[in-house]
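Asks: Okay, handing you the structure first.
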Amino acid sequence: MHALRSSVLALWLCLHVSVRAWMTYRSANGLDEYEPEDRIIFLGTKWCGNGNVAEGPEDLGPLKETDACCREHDMCPDLIAAGQSKHGLTNTASYTRLNCGCDEKFYNCLKNSAETGSGAVRFTYFTVLGTKCYRNEHPLICVKKGWFSCSKYELDKSQPKRYQWFDVSSNFAFPRMLT
């Protein structure tokens, strides 16, 4: 079973890299608009991917727990769309970024799911994509760099809180979790 999971993950990662390359090509050639058929949705879900293919809020795929986590994440009320600004921050990414509270809830939901698919979704969103989230917190100082992001932060409590970007990683190290 472990070998099968590893093979599926390897296949998915290859597909993901190919899709990202295709998206980069499309963007570079003025083909930024997504068509419904351009959506990439995890197998067994209707909400886990870029957009959704659900017929309504109650429509979930066979991986119901995983899909419910993705649906709730998609419905986060505090977000900054690509190219938009809010809370003094501008989202320069080509996708929507969310308040860290929504991402943290998403991480915990996926982590607590017994479904195998939840691990692949969690790994992809929190490790492969290398996205960021935002929250109102004291300024952070990165005291230890990891492979792709900061692995340890310290809060500068002498400064007032402000909205700022945080790396979303598999460790999900947010200020309230720091020592």
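Please read every residue number as a count from 1 along the shown chain.
Cβ coordinates come from backbone N, Cα and C, glycine included.
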Asks: Of the listed cysteines CYS48, CYS69, CYS150, which one does Swiss-Prot record as disulfide-linked to CYS109?
Replies: CYS69
Asks: The Ca(2+) site in Swiss-Prot includes TRP47, GLY49, GLY51. Which of ASP59, ASP74 is also listed there?
Replies: ASP74
Asks: Among CYS76, CYS133, which cysteine does Swiss-Prot link to CYS102 through a disulfide?
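Replies: Swiss-Prot annotates a disulfide bond between CYS102 and CYS76.
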Asks: Helix, strand or coil: which one is CYS102 (disulfide bond) in, per DSSP?
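Replies: Assignment for CYS102 (disulfide bond) reads helix.
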Asks: With CYS142 (disulfide bond) as the reference Cα, tell me which of the recorded positions CYS69, CYS70, HIS73 is the closest one.
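Replies: That would be HIS73, the closest of CYS69, CYS70, HIS73 to CYS142 (disulfide bond).
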Asks: Out of TRP47, ASP103, CYS109, CYS150, point to the one nearest CYS133 (disulfide bond) in space (Cα versus Cα); all of them are recorded positions in the record.
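Replies: Ranked by Cα distance from CYS133 (disulfide bond), first place goes to ASP103.
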